[in-house]
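Data block below; observations after.
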């Protein structure tokens, strides 16, 4: 179906014969950037959209309709059409306008991005068998234009007069009903000489990479249309007639098959074209190079990021409601002056529609992405801690909102008006202060809660369980000592790194000299072995529990100890464990009783904490939580895949709930050689707030460094325990839907066993009533937690948004980064409830409706031949292209079932920066690094942008590839890897610590990437035309995927047709 991840998520050795190799998670991620919105009255330059040159030539003809396409046809043939003469000038590329600063409501809307979409010139095209062989090489070949199921008919051949382009539009001729043809493509226009974009090589006119052989089948995405019981989405420009078969279809369940559509068979996919008559077959054998849109003519992520970064000349100041923050992938500094830093909370739009009807028409979700513990830059202010003493936090007596900078004091400071519910609350005597002439308290700037959007409160005993102060948390390490684990060297390696290094990196509070975290150790196979490490013992003691039905911990005193107190006994234990189990023959393991024992141990010690569980095999031993192998790769990508990706029972879900309620979480490190059923056992991590780390076919040589680094990062990142989060909003809207990895016992509170700086949740808001346009609306997220030192605290995050009744104010205030984060999580959650096709259809429909509403309400004075994109949403098509091809969403048999489950769980807890990286991977050139300019400029995700004489790194936050061109300098390879080009192995190749500029610069860059992503990321080294190069190519989200899926340019045509269908 669509693109997939690398030869397995954490790397099953690609040395095996292309064995179920997970294809690289296709990535990308949207967000338009707007200049860090500046204070009111700032005069921003408004830029005009690009105008096409007057002498653009468009004579292009669509083919006559061929006979209908039937499902399961073995070949697709194409009719021959005359080719277009090449344009005389091809070197110059149009410049896209920089994004404009959005004006206040009373100013003009910023100009939208628009570019014409013209019909293609089809011709002799190669035949495409229905099943793709594995690619033999990656030579650039011309791309095939793609058609899509349910798309409108093709444009007929225009007369010479109809294509005379004006300076800013191209008008296609009217559509002839009941004709299907290839999607439009456009010859490269002649442009006046302009500089090409920075960091982008000239477009390769040979076309985007097309793999030799065949296009794989693709069963979607035809998009759905509004159902009959919904008001039709906005319509707005001259429309062209469509065939009568475009009837109303359900928005939720995905489109039914359109009667009479010849493109709707199961074997069709975007990119397929109607077959040509049999007599044309002889003309099909010669390759044809079709004209196409120049990729530089369409909005692209790299250019938008560069333009956005150039506009950031000063800090983003949060001193007014509704300011749109800079793009999440740009480098900016935030000054908190009332609303919280956007790294903590982002909204899909910073101007809320005043009524639900606007949301229904625009299809823009109203949602928040909340990362309550997000890391800040070193030059940004962290949340200050305030202590209200015995009176506890100051709150509204009605809605219980916490004091914030938007509360208004009245009656000389004796009462305050709540900005959320407008109730008046008496100010406690201890908190009273006089007001100045403007109505502000005299101590306004001395109190963080009065002048900042983010602050922390030291909680009182009323906020603790049983009104008792909590103990510092503990870490329990539970190690699988079965045959597989011992044989691979895993047991010995874990004990070694814990003993020699990792216990020195246990987390501690800011300013603390030593960590208060206690540690405990247990091992397991078919039984559980507990160890007494009390510092008064000369040697550790082992206690075995074999009754797995009613699990208990045989010792409380001595199981959890401070490492600095019991270091000698702990070191002795870690030396003895590998020796004790060195000759084990036990192959069966248990899992659920092990987790249960960890929970019991933490409960017995009356503390919160984490269970680090190291497991290698499916738990098949007779015990609670026993599982069997139910893997069936044939189901992946089919309508029945949801049975495979949902848990088989609720045993591990209930364990996760117990963890969350007891303030602990499970971090699961798995080292499988085959199926593990992560869909089931991963539930304990999902519900408790933990995380899964997967190391396929573990070997110390290939994975030891990554295991060590991931554990170290896990220890060091900001983590809190026994957390509870609640979101409060102004009257008129309320939170109704919550997405992420947590547990809920009621409709408003999210419970986390632990939550860390890399985790995020999404919250959808719904209107209860109309909002007054002249007012603001406020949002407050409160996180109650136990810190790493055992202190109970509250973190308060407050955000102010404006309200509008006009679409011309709504669209300029949209944050595409947040919209895509939310749409991605909704889609991933649907995988276990819906079918792949309907999920993709719904994503495309939502995107088309968002753009159609803009077209209707904000850009009526444009011609129908143009695709109009709002400035803030101009990257929406490229992000949607990537999302519907990504591995987490559209599994194919090249991604294993467990890798798919892992990806789904990882994406559900991703913050906005994570989804951006996942949807649109970063590519950097390595062959010309400058140590004074790291990281270097990004490169677009197009194969044609990679030079055969270059070397590049691509990363999506989960995995990294280094790609070496076939003509790369051998000296570069020797300087980087210490071996000749012919000796490079994809997984085993290491960047050697050599004393030369190439090695130093590449290692510095990779460390920068890993630190920014806070993940080690498995590294593969791929040579051009390698057998596993297709996995690398799946990250190039603007190209076609090797398992199917449209390219970015082809998807634009499909989206344009969808918008025109909606507007009719």
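Cβ coordinates are placed from backbone N, Cα and C, and glycine is handled just like the others.
Automatic prediction, not curation, is the source of TrEMBL annotations.
Keep in mind that this is a model prediction, so the values were computed, not measured.
Marked as compositional bias 'Polar residues' by TrEMBL: 17-48, 251-265. Annotation source TrEMBL lists compositional bias 'Low complexity' at 71-82, 125-136, 160-170, 237-250, 278-291. Marked as compositional bias 'Pro residues' by TrEMBL: 109-123, 214-236. Sequence annotations record features per position, and here TrEMBL assigns domain 'Zinc finger Sec23/Sec24-type' to 393-431. Taken from TrEMBL, the feature domain 'Sec23/Sec24 trunk' applies to 470-715. Marked as domain 'Sec23/Sec24 beta-sandwich' by TrEMBL: 721-804. If you look up TrEMBL, you'll see 815-913 marked as domain 'Sec23/Sec24 helical'. The annotation domain 'Gelsolin-like' is assigned in TrEMBL to 934-981. If you look up TrEMBL, you'll see 1-294 marked as region 'Disordered'.
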Range from 470-715, 721-804, 815-913, 934-981 with the greatest count of C-beta pairs under 8 A to the domain 'Zinc finger Sec23/Sec24-type' (393-431): 721-804
Maximum Cβ pairs under 8 Å to the domain 'Sec23/Sec24 helical' (815-913) - stretch from the list 470-715, 721-804, 934-981: 470-715
Segment-level pLDDT (mean, integer) for the domain 'Sec23/Sec24 trunk' (470-715): 93
DSSP-derived helix, strand and coil totals, residue by residue, for the domain 'Gelsolin-like' (934-981): 12 helix, 11 strand, 25 coil
